[in-house]
Amino acid sequence: MLSAALLLLPGLPLAGAGATEEPTQESGPLGEPPPGLALFRWQWHEVEAPYLVALWILVASLAKIVFHLSRKVTSLVPESCLLILLGLVLGGIVLAVAKKAEYQLEPGTFFLFLLPPIVLDSGYFMPSRLFFDNLGAILTYAVVGTLWNAFTTGVALWGLQQAGLVAPRVQAGLLDFLLFGSLISAVDPVAVLAVFEEVHVNQTLFIIIFGESLLNDAVTVVLYKVCNSFVEMGSANVQATDYLKGVASLFVVSLGGAAVGLVFAFLLALTTRFTKRVRIIEPLLVFLLAYAAYLTAEMASLSAILAVTMCGLGCKKYVEANISHKSRTAVKYTMKTLASCAETVIFMLLGISAVDSSKWAWDSGLVLGTLFFILFFRALGVVLQTWALNQFRLVPLDKIDQVVMSYGGLRGAVAFALVILLDRTKVPAKDYFVATTIVVVFFTVIVQGLTIKPLVKWLRVKRSDYHKPTLNQELHEHTFDHILAAVEDVVGHHGYHYWRDRWEQFDKKYLSQLLMRRSAYRIRDQIWDVYYRLNIRDAISFVDQGGHVLSSTGLTLPSMPSRNSVAETSVTNLLRESGSGACLDLQVIDTVRSGRDREDAVMHHLLCGGLYKPRRRYKASCGRHFISEDAQERQDKEIFQQNMKRRLESFKSTKHNICFTKSKPRPRKTSHKKKDGVANPEATNGKPPRDLGFQDTAAVILTVESEEEEESDSSETEKEDDEGIIFVARATSEVLQEGKVSGSLEVCPSPRIIPPSPTCAEKELPWKSGQGDLAVYVSSETTKIVPVDMQTGWNQSISSLESLASPPCTQPPTLTRLPPHPLVTEEPQVPIDLSSDPRSSFAFPPSLAKAGRSRSESSADIPQQELQPLMGHKDHTHLSPGTANSHWCIQFNRGGRL
């Protein structure tokens, strides 16, 4: 767009370049043949216009690079000042060589091509919440302030002429000075943006000044057109209805421009909703429709700046949610590049245009009077308007803010382009107005731009400390918004918070569902996004710590705006796409067919696994037990399970079941000896081994540390408290070892319980008996967190595990003797009667209890009640209390089919 825009640069023979006469072949004398084929031909006129445009942009870019080579220069002098000075130098060189000014800033080039990218960039990336929070102050300064500055400056200059302080050769009346006051009083958005972005004042002050420079365009356009029409008509022909039409045109131009921008914003958001399969055209649609809004408003004589500002401000929320991450990046950098190039060309052409002395005439009284009046009336208007606004603002604007606002009223290329558009036949003093405008622009951009940063430092103005708000800040901000809206609703006052709350409800109910893609609308909740990220991180940690080939780099954690839906980036899908063998939910993958059902299933499992179920509320009753037994039991079980998870989170799990201390870890020597009593699955009945599932080939290990190790790693545990429970899947042969590992690494072996009796399936299917040991290491320290009153719930949980296996055989079970543990003294085994309590889940042999007493005599005072909930009702007498701080290996022989 910028390249096409600069094709209309003044001084370039663009029309002539396109319409150059084709060379005619001059024939020689009669009968002579035409000249032969030329090997080389210079065709400068065919490429002159685009070549010069490319050269200007290249020179401007190289100049910016040179300026930023010295950090000291750019920290003291604004970039806009350096570009204007560069334009003056280049204009002087061109004037000295060509003896005339070749290049100038034409109004058509400026308004149609150079200004739109700057305004679009400002409106699209404007903080909408901050803008609408200060909308009242912005409109006050933009409308009332601009009207005040225009009329007071024009009347004061007319009075100055009547007093004889302006030369008589300046032939201008009251309408002429009002016309000049309307174009010179508007704050320029390009100059404000160029200067204040380098000063870094606080966001409230910046949004008020910059918002004023954007919204005062409607007032400037109306005043300029009305005064220009009055000048062309003549003061004698102006009637009362013309004044009324001028007032009405203010509302038509401003509201019409805003309406045009909102219509194109709606079309842009609606169009990007259906670009999921053609992502490549998304950036093109953004620029085309925004530029179409500007041209439409300009065509209808409405405020084009206001139209493109409202278009960018209104469509960003929906467009950012619909387009892809790459498209957002392309839109951002393309828009910034176009705005930077246009701003650079504008300031350079301002400097070049000032060299041409044939288009301006000098009058000291007019120039000095204009400088004084625009500064004085600007400061007076800011003080009066701020006093009125502070009567209603919760956070008033202090005197320091008023000084910066008064000093920050910069004028720029908008005023220069408007004064160039004046008709010299209708306005005889045009040359004097042009010279005065150039001086005012140079003074505000160079002098005020150079001194505003030291002024801000001297006044100690609050600087901007922009940072991404945390989740806590966002929660409190939303809470305060709802509270203030509720207070206004209660007292019956429909204020700002009430209407903002109503707008948010309307947007959520209608606009977002219409203009945003369904997947984008469902995932835009920031609180849910945080929960989603935490679950993804836990899943990555689970896969990484579980010993699988997949590492944490194999799972990419997408950002919130970049993913299309939760189902597309769920943990299960990430594992499947990366070729992982781990599957978090097999049933979801096997049964779900539609994307919506898959998304709901994944979210259901995530919420059920990480959140408490809602507590039931019961009405008060006169009875002692008014809660039903089933509900109370279910809630107690859930609380117990959640407490178990939290306690286990404080323990550090490792990949090889090793207890780390502060000393440097050393590699552990694994034992390759086979356990006695375990059948070899490779030669069962002379058949090849079958394809075993993960429950038949590996054991699930829960690594739990002792109290000493927990204290030594307390600092590391606090840093990793949000990683969740980590399950380490390893082969059983790697778990059992023969002795201690050298150094501070130690494997804590534990005795095993007697396996349950073989089932009918194992009797009928011989290969079922070769499953191996499936052991679960659980520290007896965890039994301390089991309350005594939860014994029934624990036994029911153990019974539910047994119920998953095949039905037991009707024949009486044959009890086998356990082989002696490598680290436990072998003693004669005593058979244990399991028929007394069929619900008992496990039992400890007396020999192991005696071994426990021999190892830890000092802990004999620990009460037996601590281990009671983990045992059956009839097995308490076989346990020694001296084993409370030991590690136990509890083996559950699961069935071959679940």
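Cβ coordinates are placed from backbone N, Cα and C, and glycine is handled just like the others.
Within the model, the topological domain 'Cytoplasmic' (1-48) carries an average pLDDT of 56. Taken from Swiss-Prot, the feature topological domain 'Cytoplasmic' covers 1-48 (among others).
The annotation transmembrane segment is assigned in Swiss-Prot to 49-69 (among others) on the grounds of sequence analysis.
Per Swiss-Prot, topological domain 'Extracellular' is recorded for 70-76 (among others).
The feature transmembrane segment is assigned by Swiss-Prot to 77-97 (among others), with sequence analysis given as support.
The topological domain 'Cytoplasmic' annotation in Swiss-Prot covers 98-106 (among others). Assigned with DSSP, the residues of the topological domain 'Cytoplasmic' (98-106) fall into helix, strand and coil as follows: 1 helix, 0 strand, 8 coil.
Per Swiss-Prot, transmembrane segment is recorded for 107-127 (among others), and the stated evidence type is sequence analysis.
Look at the topological domain 'Extracellular' (128-137): DSSP puts its residues at 9 helix, 0 strand, 1 coil. Look at Swiss-Prot and you will find 128-137 (among others) tagged as topological domain 'Extracellular', backed by a curator's inference.
The transmembrane segment annotation in Swiss-Prot covers 138-158 (among others).
The topological domain 'Cytoplasmic' annotation in Swiss-Prot covers 159-176 (among others).
Here Swiss-Prot flags 177-197 (among others) as transmembrane segment, drawing on sequence analysis. Within its own chain, the transmembrane segment (177-197) is flanked in space by residues 78-80, 115, 118-119, 122, 146, 149-155, 157-158, 161, 206, 209-210, 212-214, 216-217, 219-220, 223-224, 227-228, 230-231, 305, 343, 346-347, 370, 374, 408-415, 418-419, 422, 427, 433, 436-437, 440-441, 444-445, 448-449, 452, which lie at least six positions past its ends and keep a Cβ under 8 Å from the stretch.
According to Swiss-Prot, the feature topological domain 'Extracellular' maps to 198-203 (among others), an assignment based on a curator's inference. If one looks beyond the topological domain 'Extracellular' (198-203) by at least 6 residues along the same chain, the residues whose Cβ comes under 8 Å of a Cβ in the stretch are 78-79, 127, 130, 404, 452-453, 456, 461-464, 466.
Residues or ranges marked as transmembrane segment by Swiss-Prot: 204-224 (among others). The list of residues near the transmembrane segment (204-224) in space but at least 6 beyond its ends in sequence, with Cβ under 8 angstroms from a Cβ of it, reads 119, 122-123, 126-127, 130-131, 134-135, 137-139, 141-143, 145-147, 150, 179, 182-183, 185-189, 192-193, 196, 246, 249-250, 253-254, 257, 303-306, 309, 395, 401, 404-405, 408, 414, 418, 461-462, 464.
For the topological domain 'Cytoplasmic' (225-249), the list of distant contacts is 173-176, 178-179, 182, 301, 422-423, 426-427: same-chain residues at least six beyond its ends, Cβ to Cβ under 8 Å. Among the features that Swiss-Prot reports, topological domain 'Cytoplasmic' is placed at 225-249 (among others), with the record citing a curator's inference.
If you look up Swiss-Prot, you'll see 250-270 (among others) marked as transmembrane segment.
Residues or ranges marked as topological domain 'Extracellular' in Swiss-Prot: 271-279 (among others). Tertiary proximity for the topological domain 'Extracellular' (271-279) is limited to same-chain residues at least six positions away from its ends with a CB under 8 Å from its CB atoms, namely 285-286, 289, 318-319, 322-324, 326-327, 515-517, 564.
Summarising the annotation, Swiss-Prot assigns transmembrane segment to 280-300 (among others). Residues 1, 111-112, 116, 119-120, 124, 256-257, 260-261, 263-265, 267-268, 271-272, 306-308, 311-312, 315, 319, 323-324, 327, 330-331, 334-335 of the same chain lie 6 or more positions beyond the ends of the transmembrane segment (280-300) yet place their CB under 8 Å from a CB of it.
Within the same chain, residues 105-107, 110-111, 114-115, 141, 179-180, 183-184, 186-192, 195-196, 201, 205, 208-209, 217, 220, 224, 228, 346-347, 350, 353, 374-375, 378-379, 382-383, 386, 430, 433-434, 437-438, 440-441, 444-445, 448-449, 452, 455-456, 459, 461 sit at least 6 positions outside the transmembrane segment (402-422) and bring their C-beta atoms closer than 8 Å to a C-beta of that stretch. Tertiary neighbourhood of the topological domain 'Extracellular' (423-431): same-chain residues 170-172, 176, 179, 228, 231-232, 359-361, selected by CB-CB distance under 8 Å and a gap of 6+ residues from either end. The helix, strand and coil residue counts that DSSP assigns across the topological domain 'Extracellular' (198-203) are 3 helix, 1 strand, 2 coil.
Contacts between the transmembrane segment (77-97) and the transmembrane segment (335-355): present, as 3 or more C-beta pairs lie under 8 angstroms, all at sequence separation of six or more. Across 49-69, 107-127, 335-355, 432-452, the stretch most heavily in contact with the transmembrane segment (364-384), judged by Cβ pairs under 8 Å, is 432-452. It is 107-127 that, among the stretches 49-69, 107-127, 138-158, 432-452, forms the most Cβ pairs under 8 Å with the transmembrane segment (335-355). Taken residue by residue, the topological domain 'Cytoplasmic' (385-401) breaks down under DSSP into 8 helix, 0 strand, 9 coil. Sequence-distant neighbours of the topological domain 'Cytoplasmic' (385-401) (same chain, 6+ residues past either end, Cβ-Cβ under 8 Å): 136-137, 140-141, 144-145, 204-205, 459-461.
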